[in-house]
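Enquirer: Have a look at this one before I ask anything.
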Ligand code: NAP
């Protein structure tokens, strides 16, 4: 439960289109009328107005203070997994933020550590949805180690390592399972693996628990196109890519129950 004597500090991120901007402005005015404080640098609550993509941006903007900031999403398009309030509920949400203590739910994140050949440097990232690894040109060839043991030599278009909340995004398009976000796990899915009499991969998505690390080791190429959520970067001279469940968690402000499986049904099945 969040509520102290100090007025709640909020920040609003907008998708940037006219509808989202107008909604964000209206919300800001209402929240200020309730004597809440707007603080773009150190918000207790970040309200994302747009879609799931907008919440991904907001997450990375405030990634350095995940233990102090909670997120809530209003969608201005179709129902999202992270953005589950509709514009018609704006007043209801504002009152809920201003008047009621809110519950915080925590979901697992993916930690990605990229180590480089030159000088032993490394870069660490947190992903809310997933990390994908592809070759700049040609087939991706990677040794996949799980918990220190060689599992397989992967050949194909790429690999996707996702969080439970990211399992409904790219992972789902790759035939991965939808994981309930209460599971502390990551999922490894293949992109068009080569499978014939010579080359063999498992062919099924793998779900790894929090204490199992997945290490990807390049075999022939060392330059890779790596995505962390919406962020895509070319990484050169890569020695290894380590993926595991992060110690950090993302915190969402919950003002009403919205069960995960109902959200899945509403997004993918219901008319
Ligand atoms: P984008 O190409 O503009 O949007 C990709 C779509 O994924 C949007 O419809 C977005 O919803 C949706 N999405 C994002 N996170 C989701 C989640 N956790 N569950 C269900 N749907 C989700 O790219 P972007 O806005 O920068 O977002 C980057 C994300 O796109 C990546 O993290 C990846 O998961 C996803 N992606 C998916 C595919 C695929 O399905 N084949 C391919 C590449 C990337 P909104 O419209 O509400 O924003």
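Each residue, glycine too, has its Cβ placed from N, Cα and C.
Annotation comment: TrEMBL describes 52 as active site, proton acceptor. Residues annotated as NAD(+) binding site in TrEMBL: 52, 53, 129, 130, 155, 157, 192.
How buried are the listed features, and what sits near them?
Expert: Secondary structure at residue 52 (active site, proton acceptor), as computed by DSSP, is helix. The number of other Cβ atoms within 10 Å of the Cβ belonging to residue 52 (active site, proton acceptor), over all protein chains shown, comes to 26.
In sequence order, 156, 157, 158 make up the list of same-chain residues 6 or more apart from residue 192 (NAD(+) binding site) whose Cβ falls under 8 Å from its Cβ.
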Enquirer: Near ligand 1, which of the binding-site residues show up if the criterion is a Cβ under 6 Å from one of its atoms? Options: 155, 157, 192.
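Expert: What lies within reach of ligand 1, judged by Cβ under 6 Å, is none of the binding-site residues.
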Enquirer: Do you know offhand how many angstrom separate residue 129 (NAD(+) binding site) and residue 52 (active site, proton acceptor) by C-alpha?
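Expert: Roughly 10 Å, rounded to the nearest whole number.
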Enquirer: State which of the following binding-site residues has the fewest other Cβ atoms within 10 Å around its Cβ: 130, 157.
Expert: 157
Enquirer: Could you give the maximum C-alpha to C-alpha distance in Å for the residues 52, 53, 129, 130, 155, 157, 192 that bind NAD(+) per the record?
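Expert: Answer in Å: the longest Cα-Cα distance is 31.
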